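> Feature table excerpt (TrEMBL):
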DOMAIN    40-83  domain 'EGF-like'
DISULFID  73-82  disulfide bond
């Protein structure tokens, strides 16, 4: 878990009167929980991740048992328990931060005389059809 300190912050002026309660919480609740979690993570790294990855809790649990952890594998290992070793084949390319060729099309119909409004994301225009004379107005959007 790689944790070596805890900071408890309070803006209350009466914090000194609560020091005993905080000490009791650290000694009897938070401290034992962190120790148990730390031991469980070390055991998980060796047993569940086969020593090839780090364990983490996908969802915080009150009792962090070994089966609650998941592995984040070190390269080049992968798999649920980091049991597979990958090989580099060919070349790798950086993954795009946006998905290309994805379009969104929204249309809202109105029964009033204002018409039908459309927005076409890939072409980035907003179109409004006038119901009375069936004219199409196009307006470019600045995105």
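For all residues, glycine too, the Cβ spot is worked out from N, Cα and C.
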> If you average pLDDT over the domain 'EGF-like' (40-83), what do you get?
83
> Cβ-Cβ under 8 Å from residue 82 (disulfide bond), same chain, 6 or more residues apart: which ones?
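The list for residue 82 (disulfide bond) reads 49, 50, 52, 53, 71, 73, 74, given in order along the sequence.
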> According to DSSP, collapsed to three classes, what secondary structure does residue 82 (disulfide bond) have?
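Where residue 82 (disulfide bond) sits, the three-state DSSP reduction gives coil.
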